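A.B. asks: These came from TrEMBL, pasted as-is:
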- 6-153: domain 'Lactate/malate dehydrogenase N-terminal' (DOMAIN)
- 12, 13, 14, 15, 16, 17, 18, 43, 106, 130, 131, 132: NAD(+) binding site (BINDING)
- 93, 99, 132, 163: substrate binding site (BINDING)
- 157-301: domain 'Lactate/malate dehydrogenase C-terminal' (DOMAIN)
- 188: active site, proton acceptor (ACT_SITE)
């Protein structure tokens, strides 16, 4: 029996990340190759023509799983009935702007979108905030959508998680799929703490700790961390544009694992509403190691993160 379509909202859908993300969703990368979807795409009025162009391309691509497209500049229309919301749109930080200026702009954007989600989204809608400052924007959305359960509002640190996996796989010359259980603590920003102390690699002799295989603590405690922390800035320097393909792919990974579950024994990093675990103040949106099952995430307990520097407590994050 065919599944009912899932309605997926992408805000900022005419932008770089949105343009990379919507075909991934339509192809089944996010929710599985047997799950039909209806895409809801929202952008600002000046981007309406470009948004319509994205809709035309989706139609032209003839994705079998895509059962409908809503392309609009109206937040209420975009949010009506959605089961999953991927919040890519936000006000970007520009040269000469202070952080408080960016936050002020995003408060107004996220207040309106949070209200529309709270009033018109499907019950138990899952929300992923991608737009920077991701942790802060998620907290703003939660503030203005109090009826959405806190556990249903998350932000993207899977991009940093995947970057860490990629660095380890390149260092050891192994398949990235054989590396697991890195952790990103804190923010999607340069203040994050990439942690390999529980990471392992699947080898012919079984699972081995990353530290044992790398045999270079200076690299793991130095260059590895700074490379992951500053990867977004390095990509901007190389491309003259921020990360788009990798951000879109990571958003799919985040939602897929949240909805369909993580493999047994595998942790992933998600920015979630803190419950006080690891002495992180309750109420912050903060990246923890989690496992997912039956559409719910659970913070992994019992790691020794409390021993690490706690300089990554700030909820502010700005750069992909």
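Note: Cβ is positioned from N, Cα and C throughout, glycine not excepted.
Remember, TrEMBL labels are computer predictions, not curated facts.
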A.B. asks: For a quick check of understanding: given the listed NAD(+)-binding residues 12, 13, 14, 15, 16, 17, 18, 43, 106, 130, 131, 132, what is the maximum Cα-Cα distance in angstrom, as an integer?
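C.D. replies: Greatest Cα separation within the listed binding residues comes to 18 Å.
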A.B. asks: Give me the DSSP three-state residue breakdown of the domain 'Lactate/malate dehydrogenase C-terminal' (157-301), ordered helix, strand, coil.
C.D. replies: 63 helix, 36 strand, 46 coil
A.B. asks: Between the binding-site residues 16, 106, 132, whose Cβ has more other Cβ atoms within 10 Å than any of the rest?
C.D. replies: 132
A.B. asks: How does the domain 'Lactate/malate dehydrogenase N-terminal' (6-153) divide up by DSSP, counting helix, then strand, then coil residues?
C.D. replies: 70 helix, 28 strand, 50 coil
A.B. asks: Where's the emptiest Cβ shell within 10 Å among the recorded positions 163, 188?
C.D. replies: 163
A.B. asks: In angstrom units, rounded to an integer, how far apart are the Cα atoms of residue 163 (substrate binding site) and residue 12 (NAD(+) binding site)?
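C.D. replies: If we compare the Cα positions of residue 163 (substrate binding site) and residue 12 (NAD(+) binding site), the gap is 23 Å.
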A.B. asks: I want to check the contact list for residue 131 (NAD(+) binding site): same chain, sequence separation of six or more, C-beta distance under 8 angstroms. What comes out?
C.D. replies: 11, 12, 87, 88, 89, 90, 106, 137
A.B. asks: What are the non-local neighbours of residue 18 (NAD(+) binding site), defined as same-chain residues 6+ apart in sequence with CB under 8 A from its CB?
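C.D. replies: Residues satisfying the criterion: 10, 11, 12, 41, 43, 54, 88, 89, 248.
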A.B. asks: For the C-alpha pair, I'd like the distance in angstrom between residue 132 (substrate binding site) and residue 188 (active site, proton acceptor), rounded off.
C.D. replies: 8
